[in-house]
Each structure stands twice: as C-alpha cells, then as structure tokens.
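Residues or ranges marked as substrate binding site by TrEMBL: Arg71, Glu129. Annotation source TrEMBL lists Mg(2+) binding site at Glu129, Asp156. Positions annotated as domain 'HpcH/HpaI aldolase/citrate lyase' by TrEMBL: 10-222.
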Amino acid sequence: MSMRFTTYCRSILFTPALAVERFARGQQSGADMSLVDLEDSVAAPFKDAARSKAEAFFTAPRTARGRRAVRINSITRPEGMRDLLAIRDYAVKPDVIMLPKTESPRDLEIVEQVLGPECAQVDLLALVETARGIENVNAIAHATPRLKGFVFGSADFSFNIGASLSWEPLYYARARLVTAARAANLHVIDSPFFDIPNVEELRREVSLARSMGFSGKVAIHPGQLEIIQPGFSPDERTLAKARKILAESQAKDFNIAVVDGTMMGTPFIEAARRMLEEFGQRES
C-alpha cells in the first residue's frame, strides 16, 4: 500500500520498545510520527531484547498515515552504536532516527557514517536536551542534509542546568532552538507534557509552543493527541483566510493585499503560502 506522508509533523507519539502489544495502537493513533523508544523507557539489562523487538515496529504492514521512527541511545555511548548497527540490518528501515542528547555536529556525522548507503532514505531528528546542545544548536542545524528537525528535551535540560521543569525558566532555550531550526528550514518539536491528567495545562503549553514557532509537540499518551493535533493545525477559517490573502495578492502587481480591512504585506503573504503548502490539502 502506498502511503502519502504529511510534509509537517505536529505530533510524535512514543511507545516503549519492549511494549510490543502497544505497537499497533501507536501506529494507528493518528500521530504524524509514531516512535519506538530504545532509550529512557528501556532499562540497561534489556537493551539487546529491545533492539530485537523494535524491528517488528517497522516490518508490520503500514495501516495508517504517518512516519515511523526510533529513538536510539546516545551515540556517544556503546548502546547507541549497537542500536545503529542493529537498525542498519533491519529488513525494513525506520523513516526517521531520533538522536538523544545531541550536543555537536560530530554526533550527526558519526551517525551518517555508520548508517551508510544501506540507510540512504532514513532521516534524522536531533533531540537537544543539554546546555551544550543549545549552545551549539546553530552548527548542529547545518551538520547534514539528513537532519529534518529538532526536538526539545525539557526534562533532561532542566536537570542539566538546575532549573525547574516549568515553562518560564526554559523559555530562552526554546527560543534558541526555534530560531536555529527556522533559520535552517527545519521542523522544531516541543518536549512532552508529563502530567497526563492535566489536560488544561497541556492545552496551555500547546498554545504557548505554537505561538513561539514550534511546529509540533511530543505525546507520551495517545489521549494527548486530541489536544496536540488540532493545536498545531490551522482551522478551516484560518485556511480560508490564507487562501483569500493569496488570491488578493495575486490579483495585484505588488505584494500587498487588503483582506477584511487589514493591509497584508510580504510576511503575511509568505506565511499564508507556507500554511497552504503544508496544510491546504491535509488529511485529518
């Protein structure tokens, strides 16, 4: 079956590699990216078993839209290298590999060398979750064409710098990440919200993240997708306005449109064009 991937990524849903019984549920959740995790959710004694079980996540027939991904262990540790070598031998490769604790371009260069031509179609996401990673984020953004986006790891980052795990203390790091990502034309995905029952605070974080320029957010429970997916999607009214902006601008000989009494210059027109390129023909 041929699958049409979205050009955007509003959500990434994590599933532990040892929870094989949850693989199908994760892939059919509607998330733009379903991810099997080899890192934090797998204790050290079970890493080998997790690598073996994770392959089934990718060999299963595709029954839903969306990319399929894996988070490996840190490439600076032996377990991360073992993960890459195992993935290289998978019969069906992941669409995306997420690299935790990315701190320098060299981390991505190592992954590029190990994957080689056997994994030419595999994209990368860099999970940035340390002070060093934030300081090097501009260089990381240009390390390899395989890199398609950044993911912010708020829990590890807050521990790394000694800050509380709340929105305000981590604002600067988020802003640095968004700016570097957008300058390099990359996606940028916000960290998970860990208090699963607190849907109102999740809704608040989604709104704040979108207003900062994030393109999506990690989900740790399928129920969170009900808030995350629409939170990073324009509604039909917004799409209709974007179409109107483009139509008005194309009817003129200059990049100025007046829509509903408001003057729209080049930034508005380009934003409308980008929105329609990503979401104008979206699937629900």
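Each residue, glycine too, has its Cβ placed from N, Cα and C.
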Over the domain 'HpcH/HpaI aldolase/citrate lyase' (10-222), what is the model's mean pLDDT?
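Its mean pLDDT is 96.
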Applying a 10 Å Cβ distance cut-off over all chains shown, what neighbour count does Arg71 (substrate binding site) have?
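Here the count is 26.
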Please identify, from the binding-site residues Glu129, Asp156, the residue with the sparsest Cβ neighbourhood, meaning fewest other Cβ atoms within 10 angstroms.
Asp156
Between the Cα atoms of Arg71 (substrate binding site) and Asp156 (Mg(2+) binding site), what distance do you get, rounded to the nearest Å?
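A Cα-Cα distance of 15 Å.
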Report, in whole Å, the straight Cα-to-Cα distance of Glu129 (substrate binding site) from Asp156 (Mg(2+) binding site).
5
Using DSSP and three states only, what is Arg71 (substrate binding site)?
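SS state of Arg71 (substrate binding site) = strand.
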